Amino acid sequence: MNSNMDSTTDGSTGLSTTTKPSFKATKHTAWESTKNWYSRTVLRSGTQYNLCGSQPSSGPKYFHGWRLGSLLSGCLVGICLCLNIAATTYLHTKYPPNEDGLGIILDHDCGKVHSIDSRFHYAINVIATVLVSASNYNMQCLTSPTRKAVDTAHQQRKWLDIGIHSIRNLSHTARPKVIFWLALALSSLPLHLLWNSAIFMTTTFNDYSGLVVTPEFLEDHIPIGINCGQDAMEEYKLSDHQSYVTCWLRDMALQSPRNMSRVEPKNCMSKYGNGLDGATFNLLVVTKNNSIAKQSDSFPPPENTTLPVLSYFHPLDYPQKMQDWCYNQCGRWGDGNNAEKYCLDANWDNSSTPFACIEHMVNKTSWQPDPIPQVAYWMCAPDAIFYDQCSISEAQKNSSNWTILPEYYEVDYCLTTDADHECQLKYSPLILYVALACNVLKIVSILGCLFMSREPILATIGDAVDSFLRRPDQASRGRCLMSKLDDSIFPEIDEPVEPLNSNHPQPWIGEERWLSRHGTVRRWACCIFLWLACVIVAMIFLVRGINLVGMKNAFTLGFGALSLNAIVATSHYEGGSSTSVLTTSLISNLPQLLLSGLYFMYNAVLTSMTATHEWSMFAHKRTTLRVTVPSGAQRETYWLELPWRYSLPFLIFSTVLHWLISQSIFLINIQIYQPNNELLMKPTDIFPTVSNTGMTTACGYSPLAITCALAVALVLLVALAVMSSWRAKPGIPVAGSCSLAISAACHPPETDSLAAVKPLLWGAVAHEENGKPGHCCLTSFEVEKPKKGELYAGY
């Protein structure tokens, strides 16, 4: 660390000597001023610090050190609160909630709505990161112990954490502080679980139908055997969707051919493989064969129709009808006998009947697939459906020989229609109100932390060293080589308990330690567990998405993009009310909660390692203390133990990761249109919880965003692993955040009463001599390096 004071070593004595600082009048440019600010603000020290001549500013100064940091964090939380109040008020006034309890901000094409939705989520995650960081800062201040609490803990043969966010310290923290700490912690939970779903996108699901027809269907003079007059159409629209779709498609093909698009098989699969773009609607599948002798029992054309209409299919009913067809085949072939036995004994013809029918007959299995992901099953071969292996990407590989339905009709091309339903951007007032309440609770708790913490706290290692040097801790007297890693700090209950303040000489070893050893096993275990939990959840969704849409298609969907096969059902697709949005939000935002837990654990481990590095420097270079209330040559700090050169990149990565997670697993609100182009306004067997506005709710996920989130998480893990592989410089006992080990190093000679306000160096002020152990400590006096193997204890 830089200073204006040079430290040299006399070769003959091995003692460290200190020269007086020299001062030169220099003219600072703007660039030099910027560098000086960075050095003393972002780094730990700089040329602007006068190590010997500095004096505290005159007059009372309340907002300094951690209080200044707390004040700044409170101001940021206050700004976030004002923004939330303004946004909530504006949205509620400009776009009042409808009967579902949701407000519609925008009704536009899906591309634009998705773009605006992504920007909203980025802003939400930036604000959420500010709130979480501010909470973490003040929670650490609240758990920072007072000197009285430390003395009490030491007398009880316990130690407290210094300079890190510690739950251990709560048992020795005043009750008001514990209440504020709990308020900050609990107010973060709703933000993690709900806030990313305060603004969300509503897309359209068109519950379309299709007709399998011969080319003659497109010829006006060929009858189809059904009355398609206007009166009949009105009747069909209300009660007979098959007949309505047949007449509607016939009319479109003959009267409005420009409104239909000819699509080749592969492109037809792609277009209808998603089903959530609001555009795809009823279609004609035109076969290659001009005449087909038989028609389907399970997929008959509408009543009274004849060739050229081969079959009618409704995608949402398709899997169940396939199963019914399988059972009917076995029953028919059994000719009234034991159908199950006949299915086992029959000589199956793979060209006409799937082998999977055997399994379903023997096991008597049936299933009701999730409706939306299965809407494209009509494109797959029967075996793939029965074995639940239907994949659009696999089906496209054989698009030139595409066959559909159990009769294996060969597809020539599709004639498609578009519905052109637009997407909506909505907000949930209920979630915004919950976020506002949490924001208010945070600002109140931060103000309580700021103004009710009257007694000085030991917020940094420098604060603790300053306190112990001014008033040495009697509990650690005589144990100058005590280390956090020593088992003797916590003797077993059944072992003889030696008084902590006894003169207990220890030999100096001075070995190097990995930085990873200075974080507790519990912290490392929690950090790794949460990281693995996040990765496992992400990998489950990623593998599922790749299996369903294929490796190539999985990474072309985009961030937060809706895909038919990238939907997770939640309680039969909850209705579209504000309550259902709230419950579904809890599920979709669970990864956000895991990530926030990982943030706290990662921060704690990183802080432990940086604290160890700062402590180790006291054995190698005279360093002034970094404290919250400076005097003499001490340096003032308004961050805690984690320097900005680590915390700022960590915050940026955390913000990006939260945003990526919000685009990876997210709430989706779906508006359902029936084949007659009318909204589904009442529950059905497939959509049992649809609202009376035609809405249902589920969770969607994006394989591309998941992959990017995993990459960022891996970068953070690698960075932590690299730092943990560094070795702490030897030369001083490991203290970490342990208050007892820190106090053991703070027993200077009695004549060094002003050590706390001067540059300090740890070393031996006396060596073992005539059977009397030596002593090591932090002091402003000259010191030597302790000698390996010699005993040291204390005064």
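Using the three backbone atoms N, Cα and C, a Cβ is placed for every residue, glycine included.
Unlike curated entries, TrEMBL annotations are predicted automatically.
Features of the protein shown, as given by TrEMBL:
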REGION    1-21  region 'Disordered'
COMPBIAS  1-19  compositional bias 'Low complexity'
DOMAIN    66-219  domain 'DUF6536'
TRANSMEM  71-91  transmembrane segment
TRANSMEM  178-195  transmembrane segment
TRANSMEM  430-453  transmembrane segment
TRANSMEM  521-542  transmembrane segment
TRANSMEM  650-673  transmembrane segment
TRANSMEM  701-722  transmembrane segment
Among the recorded stretches 71-91, 178-195, 430-453, 650-673, 701-722, which has the greatest number of Cβ pairs closer than 8 Å to the transmembrane segment (521-542)?
701-722
Ranking 178-195, 430-453, 701-722 by Cβ pairs under 8 Å to the transmembrane segment (71-91), which is first?
430-453
Under an 8 Å Cβ to Cβ limit, what residues of the same chain, 6 or more beyond the ends of the transmembrane segment (430-453), are close to it?
67, 70-71, 73-74, 77-78, 80-81, 84-85, 87-88, 91, 101, 131, 134-135, 138, 141-142, 176-177, 180-181, 183-184, 186-188, 190-191, 194-195, 197-198, 578-579, 581-582, 585
For the domain 'DUF6536' (66-219), would you mind checking the mean pLDDT of the predicted model?
88
